[in-house]
Amino acid sequence: MDNIVVEALVRALAVGTPLLLASLGAIVNERSGIVNLGMEGVMAIGALAAFAVAASAPDASLWLAVLASMLAGAALCTLHALATVTLRANQFVSGLALALIGTGAAGLLGKKFEGLPLFNKVPDWTLGGFTVSPFTVVALLLAGALAFYLNATRPGLTLRSVGENPAAADVLGVNVGLVRWLGVLGGGALGGLAGAFLSLSYRSSWSDNMAGGLGWIAVALVIFVAWDPLRAVAGALFFGFLYYLQFRLQGNSPIPTEVFSAMPFVLVLVVLALAGRRGQAGSAPAGLGRAYVRGER
Amino acid sequence: MRFVALPATTTARSALVTLAAVVVALVVCALIFLVYGVSPGAVYGSMLRGTLGDPTGLAEVGRRTIPLLLIGSGLALAFRAQFFNIGAEGQLLLGAVFAAGTALFIPLPGPLVAPAMFIMGALGGGLWAGIAAWLRRVNVNEILSTLMLNYVAVAVVTYLIAGPWKGKDVRGYIYTDTIPAGGYLPVVPGTQVHWPTLLLGIVVALGLQWLLTRSTFGYALRVVGENAGAARYAGLNAAGIATVVALITGGAAGLAGAGEVAGIHHRLLEAGQISLGYGFTAVIVAWLARGNPALCLVTAPLMGVILAGGDLLKIDLNMPFRVVDVFSGVILLCLIASEVFVRHRVVWGRA
């Protein structure tokens, strides 16, 4: 009995790790007032960049591969920042385009890495008898750090103020455009890191469509957890547990497998509807989704 | 750099900016192809020669234009109402499910099969979009809900063709039996262009344009889309309008699904074979048309070239079909990023 509970928790943590990293990224994005629906693409690009570096230079430090994933995620999000912050484009549609470009470019450029083995997989850690990925530990620490940053530091306050009321922040001398650019790029780096976990630790291989919808779920998760990094930990665990159930029940239950593959997405809908009913959407940063133009509101 | 609003925006300026955006997108894609390791010249050459350069290719473009036209004109309407439906992929699939189910399991006299398939197809697509419209009333963003419903629709199709609807005559494969011959649509000889659906697409595009610009409902829709505050002040029921728009858009996508089943496949098969990402590509069709359903008559064939071209690149240059996502994404991004230049001129230097 004990074993099953522990196994479930460990597995839920593993699948929850990319969800947590990507939703932390989206939280950083959205706290600055910019919606980023492109996380699916950011994760795909991050996964590819990390794998490409690790597979092409097996002697190089894995830190380099991790760094590459974060740079690649941020680089992809440069497009989003340029379009939405500088050129005031529709943030939702730009995110959609970002998802298409990311998954598309990863699928295209990653073709030559398909099926290659990875010899220098990130080694798991053994903590108190459990095997966990270092990424999981980092993700949990990052959640705490981000919560501290947003709630207890001055730059965090600035970031939030730009998301809540860009006009007021502007009056106080904050460079709204710059903060939003940094918010988008920082979020992109975290999304890339989520991808690196998939290709360096979780699967330690590369295949097309690696993110497999996790990026979209991460984006929805942000609404569910009301833009709060610590609640994101619980949310990621919850969905990680669902995925665990899916693997666990598949094959040894009379329920058709398609029910399990649709389950996370149906649950996201249910959870979003519940959050909406509770008025959780009201806790969104007030300036979210709107371009800031000085002198207009 | 800052933007100064222009007093009025002209059609010429809008057209010029759109054209420039597409050119920039093609250049950006060319850079990506260089990184991938093929010459952009080879890619674009292969795409153009194989699509517009010969009759077979042209027919392939035509075949892909049909669903894009139907979905795109519906989406153009939806975007005008600020209902960002990006779940046309799932709505098309549900349309295909309803249409195939009707043909397979409802005994109807021959001539009625095809019309019934289209009616049921529209119903299926509308139903799927209706879920998103209902969820929007409880504050669920329709972009996320329609997207999630895409994944669910794929699971529904897979479940049906591998489970209860699996054909009696098929062995290892997963698809249904073929539908009765009454459900087959005529095609232009030697091609897969099912012209009745194409005709339907033209009627839908023109009809929706009329609805948008000439009817009271269209007027209300535009007010809701352009100025939510004014709409509320005028007492317009924004939620009701969004629901109707969702049903129309989903219905049009459902018609496209019915057309694919009745015109090409004659059975229900895997999601990836029914649609080549028509739902996402149609977003660009609608955006290129700047929210005018009738303009989709021009933009749908343009994107049809890209979808048909993607197939060619797979064969000619051994590139993954993902290349279509790159095209779509880059074009879409350039289009929306260029929008600011339609209504503003750029002034260098600080305010």
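Cβ atoms are placed via backbone N, Cα and C, with glycine included.
The structure displayed is predicted, hence computed values, not measured ones.
Features reported for this protein in TrEMBL:
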{"type": "TRANSMEM", "residues": "B:91-108", "note": "transmembrane segment"}
{"type": "TRANSMEM", "residues": "B:114-135", "note": "transmembrane segment"}
{"type": "TRANSMEM", "residues": "B:147-165", "note": "transmembrane segment"}
{"type": "TRANSMEM", "residues": "B:193-212", "note": "transmembrane segment"}
{"type": "TRANSMEM", "residues": "B:233-256", "note": "transmembrane segment"}
{"type": "TRANSMEM", "residues": "B:268-288", "note": "transmembrane segment"}
{"type": "TRANSMEM", "residues": "B:295-313", "note": "transmembrane segment"}
{"type": "TRANSMEM", "residues": "B:319-342", "note": "transmembrane segment"}
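Ranking B:114-135, B:147-165, B:268-288 by CB pairs under 8 A with the transmembrane segment (B:295-313) puts B:268-288 at the top. Most Cβ pairs under 8 Å to the transmembrane segment (B:268-288), among the stretches B:91-108, B:193-212, B:233-256, B:319-342, belong to B:319-342. Within its own chain, the transmembrane segment (B:193-212) has Cβ neighbours under 8 Å at 59, 62-63, 65-66, 69-70, 72-74, 76-77, 80, 114, 118, 185-187, 218, 221-222, 248, 252, 255-256, 259, 262-264, 292-294, 296-297, 300, counting only residues six or more beyond its boundaries. If you look at the transmembrane segment (B:233-256), the same-chain residues 6 or more away from its ends with a CB under 8 A from one of its CBs are 66-67, 70-71, 73-75, 77-78, 81, 83, 85, 88, 91-92, 94-95, 98-99, 118, 121-130, 132-134, 136-137, 142, 197, 200-201, 204, 208, 217, 220-221, 223-224, 278-279, 282.
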